[in-house]
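Notes follow once the structure below has been shown.
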Amino acid sequence: MASVLNSALSLNLSNFKRKRVRTQYLVSPLSLSLSRQRLTIGAAETDANEAKPQAPDKAPDSGGGGGGGAGSSFNQLLGIKGAAKETNKWKIRLQLTKPVTWPPLVLGVVCGAAASGNFDWTLEDVAKSIVCMLMSGPFLTGYTQTINDYYDREIDAINEPYRPIPSGVISENEVITQIWILLLGGLGLAGLLDVWAGHDFPIVFYLALGGSLVSYIYSAPPLKLKQNGWIGNFALGASYISLPWWAGQALFGTLTPDIIVLTLLYSIAGLGVAIVNDFKSIEGDRLLGLQSLPVAFGAETAKWICVGAIDITQISVAGYLLGAGKPYYALALLGLIIPQVFFQFQYFLKDPVKYDVRYQASAQPFLVLGLLVTALATNH
């Protein structure tokens, strides 16, 4: 994999006009004629003289107050939209890793440790779990987000030229160096955890290696999993739910087939969560021929696929827990589904573009708590 990654990362911007695939956080990747500074649709039946809005040259205001689209320093550190322009190289490097995406991975490690039944509140076990969280969050999720931005740099230069790579505040060589440091650092921590846990087979290392490969083929050619709405979103959901859980459980116990099946099932809910980010990109995805679910099925149908994947998955897990003789955990999980359904009707189903952030901020904490309930149930 390293040789493939090395050769791929050596690509330059000579292929600037090539179509790029959007990142899950970006909006409307478009095919543009830069010489005329307006949108085109290739050979489609579009009036060549029809001018469309140009891409903004500064980050849009996140809506959190303050003025005039100047951006937020806090948003910059988290790596989300509405970020302030920054020149400090270390802050820019942090922005590329998108710290806002780390918490689900950290929680996944907690769920795996809890499900193992072998975690004790000793200094050593706490230290192991912290190292595993660092591996899953800052290092390997940071690697994933940085490499994703690297391969989206050309479309970012069109749609979001203020982002770190296309704006030139960090060079491509510096980004490539960061990718390698994060990848090798994460794999190194995984190997350390295997030695620390006394594993005969380095399972944590191979989980980290497999997850890193999935991250690479998700963003990079020739596979670019995120071109397909079903495959790409499920890969994303599994990466955020299953892999950190497996790492936490393997670190403190044994990763069993039933847990693998259960977490992969839960990853279907992760697929639903990933679809939420696709609605903002419908126009650009359609222009580039990307088969996101809102493009493939239409926004109205995709809304119900999204909430159905989230809700039916959790209801199925609750049924599994009930059948396993754990009714209280099943009832607790069902109780956590109710507010999610409420917020789906309150926000997401009304307008998935306008209310996406508000919906995720309101509903996803209950999904996260449901994961923890499921993890605790498997240990009892």
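Using N, Cα and C of the backbone, Cβ positions are placed for all residues, glycine too.
What TrEMBL says about this protein:
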- 45-68: region 'Disordered' (REGION)
- 179-197: transmembrane segment (TRANSMEM)
- 203-218: transmembrane segment (TRANSMEM)
- 230-247: transmembrane segment (TRANSMEM)
- 259-280: transmembrane segment (TRANSMEM)
- 328-349: transmembrane segment (TRANSMEM)
Selected stretch (most C-beta pairs under 8 A with the transmembrane segment (230-247)) from 179-197, 203-218, 259-280: 259-280
Within-chain partners of the transmembrane segment (259-280) [C-beta distance under 8 Å, separation at least 6 from its ends]: 24-25, 27-28, 115, 229-230, 232-234, 236-238, 240-242, 245-246, 249, 292-295, 299, 302-303, 305-310, 313-314, 316-317, 320, 348, 352-353, 356, 359-360, 364, 367, 371, 374, 378
Beyond the flanks of the transmembrane segment (179-197) by 6 or more, those residues with Cβ under 8 Å of it: 5, 9, 97, 128, 131-132, 134-135, 138-140, 142-143, 146-147, 150, 203-205, 207-209, 212, 247, 251-252
